[in-house]
Amino acid sequence: MESAVSTSTQVPDEFDRNVPRICGVCGDKATGFHFNAMTCEGCKGFFRRSMKRKASFTCPFNGSCTITKDNRRHCQACRLKRCLDIGMMKEFILTDEEVQRKKELIQRRKDEEAHREAQKPRLSDEQRNIIDTLVDAHHKTYDDSYSDFSRFRPPVREGPVTRSASRAASLHSLSDASSDSFSHSPESGDRKMNLSNLLMMYQEQGLSSSPDSKEEDGSSLSMLPHLADLVSYSIQKVIGFAKMIPGFRELTAEDQIALLKSSAIEVIMLRSNQSFSLEDMSWSCGGPEFKYCVNDVTKAGHTLELLEPLVKFQVGLKKLNLHEEEHVLLMAICLLSPDRPGVQDHVRVEALQDKVSEVLQAYIRAHHPGGRLLYAKMIQKLADLRSLNEEHSKQYRSLSFQPEHSMQLTPLVLEVFGGQVT
């Protein structure tokens, strides 16, 4: 009985691709190189048996039979002669002992591979479900076509150049990794809705649409109306995302609001990394009209004290090359921080955050062999976000104290950022 162990000769891929897969003995479909020649399984077995038995065949005709797939059994002498003519060599045939050793080697490799596979870190069903839920929540609350941006008050890039704007171009030379970003998640919202109403809406109905924003005349901060609408819209989407985090709805309304008020700008900054480009240090949200550079943000009242670390953060986060699963888990961890001002049930919030953190660590172990530092780098990004949040709050307060500017902000922005405690 023929051995099931292959004794085929391995040949380079380039040669394999250029050689027709036809048996050189009988013209049947070849299965590879066997004993130094391209043959079918039938002729491979015939040659092995003939050599092992040291068979001696005699042609009943004139010794020049044409061997084909249909007649290859009619003349063994000419078939064997054809095998030798195309280069098949008995030296390539394994002895019974060699065949047994090869079988054992193949089995040992299979066992080792099975053991490695069994030892590989795996996610539990519960952890996989948490990831799937968060990815789905992100997809439902982040429209990467940015189609709703046209509903905001239009961007106006003309106007007086501020000191920050004149220095903003220098940020385009940044290429190293470090701290944070500016906000611009997907979709628009009712500027008359407050945070409590939005929480109730998402609690009862889930995701909702968002009406058009009114166009108003701008002030010297020409981009403020547009970016105020963008941030208001992004806050609504963060609320929608938060409501789908496993366990978030079970928190008290007070704790939900406290978490959202304190973390909204940080989650927006995290989400905005999806549209951030390392090539020109800008956020591209669709067409040219909705491509934002640092100079645009200075025209909404922010200074380089926020924007420089913001861009460094975006660069650093982008260079981590996070999987989408890691990105959404990081957003959930950010949102579920028990040390936020106003949170009452710290233990419950911390338990939710710990569970998501464990999922992130398990995912990294399963998908980044040797990437032990990745989790620490991601958590450092959350620390960077705290600093950015603090600077954003300081600059927001300065802006909101000026009536001509605060009137450009939406009620939701005023509520979320107006009551922050730092």
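From the backbone N, Cα and C atoms, a Cβ is placed for every residue, glycine too.
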Point to revise | Per Swiss-Prot, Ser234, Arg271, Ser275, His302, His392 bind calcitriol; matching candidate in Tyr142, Tyr363 | key: Tyr142
Check your understanding: Taking 222-230, 240-248, 303-311, 411-419 as the choices, which stretch does Swiss-Prot tie to motif '9aaTAD'?
Key -> 411-419
**Study point:** Listed range which Swiss-Prot flags as zinc finger, given the options 23-43, 317-337
**Key:** 23-43
Practice item. Would you give the longest CA-CA distance, in whole angstrom, between residues of Tyr142, Ser234, Arg271, Ser275, His302, His392, the set recorded as binding calcitriol? Key: 25
Practice item. Would you mind checking how many other C-beta atoms are within 10 angstroms of the C-beta on Ser275 (calcitriol binding site)? Key: 22
Review point. Neighbourhood of the Zn(2+) 1 site (Cys23, Cys26, Cys40, Cys43): other residues with Cβ within 8 Å of the Cβ centroid, in order?
Key: Gly24, Val25, Gly27, Asp28, Ala30, Thr39, Glu41, Gly42, Lys44, Lys69, Arg72
**Study point:** Nearest-integer angstrom distance between the alpha carbons (Cα) of Cys26 (Zn(2+) 1 binding site) and Arg271 (calcitriol binding site)
**Key:** 64
Check your understanding: Hey, what's the Cβ neighbour count for His302 (calcitriol binding site) at 10 Å?
Key -> 27
Review point. From the Cα of Ser234 (calcitriol binding site) across to the Cα of Cys23 (Zn(2+) 1 binding site), what is the distance in angstrom?
Key: 66
Point to revise | DSSP-derived structure type at Cys23 (Zn(2+) 1 binding site), helix or strand or else coil | key: coil
